[in-house]
Structures are given as structure tokens and as C-alpha cells.
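Q: What Swiss-Prot shows for this protein is this:
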| type | residues | note |
| --- | --- | --- |
| BINDING | 33, 243, 244, 276 | substrate binding site |
| BINDING | 35, 36, 37, 38, 74, 155 | ATP binding site |
| BINDING | 35, 37, 67 | K(+) binding site |
| MOD_RES | 37 | phosphoserine |
| SITE | 218 | site 'Transition state stabilizer' |
| BINDING | 220, 244 | Mg(2+) binding site |
């Protein structure tokens with residue numbers, strides 16, 4: 001069977017070969033993620049070109065995602081490169097410039113002394129080392145180590161519960177976004193989203209450049225969970241980024257947040273990616289743990305559009321095996337059922353009602369496929385959220401829409417000429433599906449489109465059609 005859940009792979013040092021990137025595409029990579037927290041522009045340009053070449057060579061749609069670093073807060077550098085903070089020690093984190101020593105080190109967040117208050121927690125290196133703020137003395141935040149461990153240059157800091165006032169887009173992010181858009185990426189992920197207004201800052205940069213692409217909100221902060229519905233509505237897609245989320249929130253809350261975010265995204269026809277440590281042990285080992293296999297399976301059962309591999313493919317020893325393993329797990333779950341938790345949302349929009357009706361007609365008539373003509377991808381996403389067992393085929397004249405739909409559940413997208421009439425649409429369906437050799441004359445399909453063609457948001461037509469028959 002054809003896999004319906006999509007796979008996002010992070011590119012990095014482990015994937016710096018043309019043949020390996022092509023192998024990843026052939027194994028099931030649907031979206032290639034470029035992580036702008038690492039690498040330089042030359043690295044990203046080469047990676048981008050590798051993906052485009054592999055996509056063209058294999059005929060598979062592969063989207064390219066630029067993941068912006070966001071206002072990531074880090075320690076500065078230590079004179080010795082590293083040290084070990086023991087429980088009970090006092091350490092100072094300063095917003096001033098200094099050469100780091102064992103008990104005093106700088107931070108990239110220059111408002112820390114203004115935002116911190118006694119009792120705040122400071123977590124270093126994804127929570128491996130924990131501090132509590134005792135006092136603020138000038139530029140220094142004085143802390144006590146409550147959970148000790150090794151620390152080294154540029155380790156990340158999380159500040160759960162602190163009212164952090166860093167901007168949603170740093171200067172680096174603006175430069176990276178400009179580069180990525182000019183390069184031609186298909187979508188952008190914004191890190192550490194806190195408010196629905198954060199997307200407006202990204203759109204301002206996009207509008208200056210003259211190119212808008214979908215923006216994915218990475219859910220990593222408690223504020224994002226508090227504003228979840230508004231963020232889902234404002235952004236084009238969401239990513240449940242469980243790494244930082246698991247540091248900022250109690251661990252036991254993360255699975256429930258994941259399920260809630262997936263359901264809310266589906267209710268609003270927004271793609272949702274589940275990320276972080278899906279097959280983490282495969283960074284070092286050729287096989288995942290049983291718990292990781294269950295984690296992947298449960299994300300599929302929750303209704304996620306796509307699952308993401310991070311270190312497994314960017315720096316891991318077995319990137320190709322990781323993709324193949326994830327694909328096998330997804331397929332095994334889908335062989336049992338493509339169903340997801342039922343949607344409670346009752347559509348009240350024209351496109352929402354039409355998508356439900358097309359799904360119902362197709363399933364009751366035992367159609368061979370649902371076919372949707374789309375200019376923006378919206379109608380296809382509304383169909384995809386229903387998790388129909390019927391194949392979902394998207395026809396578009398826009399290559400960027402084909403690439404963007406690569407992260408949407410169950411969607412196979414084809415580039416077709418711009419249509420001038422509904423009769424032309426139906427003839428194109430016959431031509432394309434017969435060329436696939438998976439369909440034959442007389443097979444029943446349900447077509448969803450807008451009439452007259454050529455207007456975004458004009459979906460108003462459902463046509464029940466037998467391939468090759470003159471019913472136009």
C-alpha cells in the first residue's frame with residue numbers, strides 16, 4: 001500500500017552526498033528540513049540543490065523547509081571550553097561581556113537581568129543542568145545549582161515561567177529568512193512562537209522580498225500552548241517540537257499537548273508535524289527501541305500529517321535506515337487503519353462542506369480516488385484532514401503548491417496545465433490517471449474543483465466521473 005503519513009528529514013553532516021540524498025527520497029523523505037541553527041549558507045545552498053536534483057530524478061514531490069533558529073538563548077564561552085557545576089554551587093550568568101570562568105559566564109540574552117526574579121528556574125542543555133535564581137545584582141543573575149552536570153560553550157538555556165521579552169525574529173533570523181526565500185524554499189518554520197502576532201513579523205519580511213510561503217509555528221513555549229487555538233488559526237501549519245516543550249513544561253504534560261495540538265490543527269485543516277526524538281536511539285544504533293516504535297505509531301494514530309527525524313538523519317550513523325524504519329512503522333499502522341480521532345468541528349464554510357460531501361460520496365460509491373484541482377492547496381488540506389481511505393490526488397499547475405503539499409497527509413500531487421474549463425479538467429483527469437497505470441477506463445472517481453477555473457478559493461463543484469466516459 002501507499003504510505004499516507006509523511007516523513008520530514010533534517011539534513012546535515014550525515015547527508016552530504018548526492019547519492020545519499022537521492023536514496024533518502026527513494027526511501028520516503030517527503031520534506032527536507034534545513035536547520036538554520038547549524039551550518040552556513042554554502043552548506044544550505046548545496047543541500048537545497050541536492051534535494052531538487054533528487055526530486056526531479058525520482059519524480060517524487062519533496063518540499064524544502066527552512067527552520068529558523070528563533071530567539072534561542074545560550075550561554076557564552078568558557079575560557080577552558082567546559083566546566084562542571086556541582087549541586088549547591090553559586091554561579092553567575094551575566095549580560096555583560098566576560099571571559100567565562102567556572103563561576104561566571106555570559107549569555108546571549110541581554111535582557112536576562114531585567115527579566116529574571118528570585119525563584120525563577122534556569123535550565124541548561126535541555127534541562128540536564130538546573131539552576132534557581134537567588135538574586136539579580138547589576139548585570140549578573142546569581143543562581144544556585146540544584147541539579148549539577150557538565151556545561152560547555154554555547155549551551156542552550158531554557159527559562160520556564162520567565163516573562164522573556166526577546167523578539168520573535170532575531171537579526172540572524174531575518175538574514176536567514178531572506179536567504180532561504182531567495183534560495184527558493186517551500187515553507188518556513190518559526191521557533192519559540194508565543195503569540196499569533198509572531199507570524200506578522202515573518203510576513204513583513206516576506207512582503208519586502210515579494211514572496212510568501214507557508215509559515216509553520218513551532219510549539220515549544222508554554223505561552224504557545226496557552227494561545228494554541230489563535231496560533232493554529234494564524235499560522236499555516238504547526239510543529240509539536242517536543243524537545244524544548246518538554247523542558248518548558250512538565251514531561252507528563254507533553255503527550256497530552258501533542259494530542260491536543262494535532263486535533264486542533266486537523267479541526268482547522270492545518271498540517272501538523274510531530275518532532276523530536278522519534279527514533280533518537282538510531283543516531284547511534286541501527287535499530288530503534290520498542291518505545292520509539294510505539295511513539296511513532298501513536299503519533300500516526302493521533303492523526304499527525306508528518307513525523308520528523310532530526311539528529312537521526314542530520315548527524316546519525318544510520319540516516320537511511322532511520323527513514324526506512326519510520327516508513328515501515330507508519331505503513332504497519334496504516335495497514336490496520338487510516339482512521340484518526342473523529343473531528344468534532346462541523347464545517348460552515350463552502351469549501352469545508354464540499355470536502356465533507358466529496359469524501360462521503362466517494363466512500364459510499366466505493367470510488368477509486370478523490371481528485372482535487374487546487375491553486376493554493378486549501379481544498380486538498382480540507383480533504384486530507386478527514387483521513388479517508390480513498391487515494392487523494394491533487395492536481396495543480398503550480399510547482400510550489402506541489403512541494404508544499406508534500407507535508408500534507410495522504411496527498412499525491414501532480415503538475416498539470418492550467419485549466420480553462422471544467423470539461424478540460426475532466427479530460428485531464430482521464431489522461432493523467434490512465435498514464436499512471438493504476439487506474440483503468442470505467443473506474444469511478446470523485447472530482448472536486450472550482451468553476452470557472454482559475455480563481456483561488458472558488459471550490460464549488462463535485463463531479464462523479466467514470467474514467468474515459470463522456471459524461472462532461
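Count begins at 1; order follows the chain as displayed.
Glycine is no exception: its Cβ is also placed from the backbone N, Cα and C atoms.
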Q: Are there binding-site residues among 35, 37, 74, 155, 243, 276 that sit within 10 Å of residue 218 (site 'Transition state stabilizer'), Cα to Cα? If so, list them; otherwise say none.
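A: Close binding-site residues: none.
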Q: Given the binding-site residues 33, 38, 74, 155, and counting only Cβ atoms in the protein chains shown, which has the most within 10 Å of its Cβ?
A: 33
Q: Over all pairs within 35, 36, 37, 38, 74, 155, the annotated ATP binders, what is the largest Cα to Cα distance, rounded to whole Å?
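A: Between the outermost Cα atoms of 35, 36, 37, 38, 74, 155, the distance is 17 Å.
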Q: If you draw a 10 Å sphere around the Cβ of residue 244 (substrate binding site), how many other Cβ atoms fall inside it, taking every protein chain shown into account?
A: 23
Q: Under a three-state reading of DSSP, tell me whether residue 37 (ATP binding site) is helix, strand or coil.
A: coil
Q: Sequence gap of 6 or more, C-beta under 8 Å: which same-chain residues meet both conditions with respect to residue 36 (ATP binding site)?
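A: In sequence order, 44, 66, 67, 68, 69, 172, 173, 176, 180 meet the Cβ cut-off.
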Q: Taking the Cβ of residue 243 (substrate binding site) as the centre, how many other Cβ atoms fall within a 10 Å radius?
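A: A count of 19.
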Q: Using an 8 Å cut-off from the Cβ centroid of 35, 37, 67, can you name the remaining same-chain residues around the K(+) site, in sequence order?
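A: Output for this site, in sequence order: 10, 33, 34, 36, 38, 68, 69, 189, 191.
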Q: Which of these binding-site residues is closest to residue 33 (substrate binding site) if you go by CA atoms: 74, 155, 220?
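A: The smallest Cα gap between residue 33 (substrate binding site) and any of the binding-site residues is with 220.
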Q: Same-chain residues six or more away whose CB lies under 8 A from the CB of residue 276 (substrate binding site)?
A: 241, 242, 243, 246, 308, 310
Q: Whole-number answer please: how many Å between the C-alpha atoms of residue 155 (ATP binding site) and residue 244 (substrate binding site)?
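A: Their Cα atoms are separated by 13 Å.
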